[in-house]
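I have placed the structure first, in the form of structure tokens, so that the comments after it can refer back to it.
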């Protein structure tokens, strides 16, 4: 297993106008992250990859393409979580066979699962695959909140490495870091990189890193070095960019920014809006000129 600390892009996926996977474009996005953004790794199959609108076979195809293009140049994490446990296991086995360094799985959602059911879900994926696991906690989308003691229960399984922490509860983040110093935490909110890094997170996984990965690393490393003033200046610029991206449409705007750099980033998958309006394309060009030139 490679070192899983550091800056990981939550990988975007390029789709054709008919919704099919654009393999050429996906390969270009992988290469852009490696060659231009200089990320430490990729988090494949997450929310940014429009994962929860895809079939099992499409998810496998994305895992295959990303691994084939990245090879062993960087670390790879496969997000295999699903409300269907058997699908999660099938995906986990496939990604493990491909050589992914660790699995990750979003907490099972929609139904109000009990904590014992959630623990069984993670333990089952690990037992079936033999791979490592990173809990993906994103309570504002799943409605699932896991407390400090419950994380301790999950961490009793030695294959659970830590958590992708996509939440604004920095008190919980600090408590987890103190209670379980040997387990890793990846910050999941790009706009809060500095405060997360100041609390000692081990890395970050972000959607905007596909185009803003260099600044993300600067914030992370400056904060680790105690250079908070310099880190804050870069966080301010980063958040100005993120504010513009969010106002314009998160995934489509990041894809447009990639297109402006020659990457065939494609469309989004319906029922999301497939492409930006001309006005929003023009705004993306303004963001590119102001923040990414």
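Glycine is treated like the rest: Cβ placed from N, Cα and C.
Non-local contacts of residue 136 (active site, proton donor) by the CB criterion (under 8 A, 6+ apart in sequence, same chain) comprise 46, 79, 81, 104, 105, 106, 107, 163, 164, 166. Per Swiss-Prot, active site, proton donor is recorded for 136, and the stated evidence type is sequence analysis.
Following the DSSP three-state reduction, the secondary structure of residue 164 (active site, schiff-base intermediate with substrate) is strand. What Swiss-Prot records for 164 is active site, schiff-base intermediate with substrate.
Summarising the annotation, Swiss-Prot assigns aceneuramate binding site to 47, 48, 136, 166, 188, 190, 191, 207, 251.
Between the listed recorded positions, namely 47, 164, 188, 191, 251, the fewest other CB atoms within 10 angstroms of a CB are found at 191.
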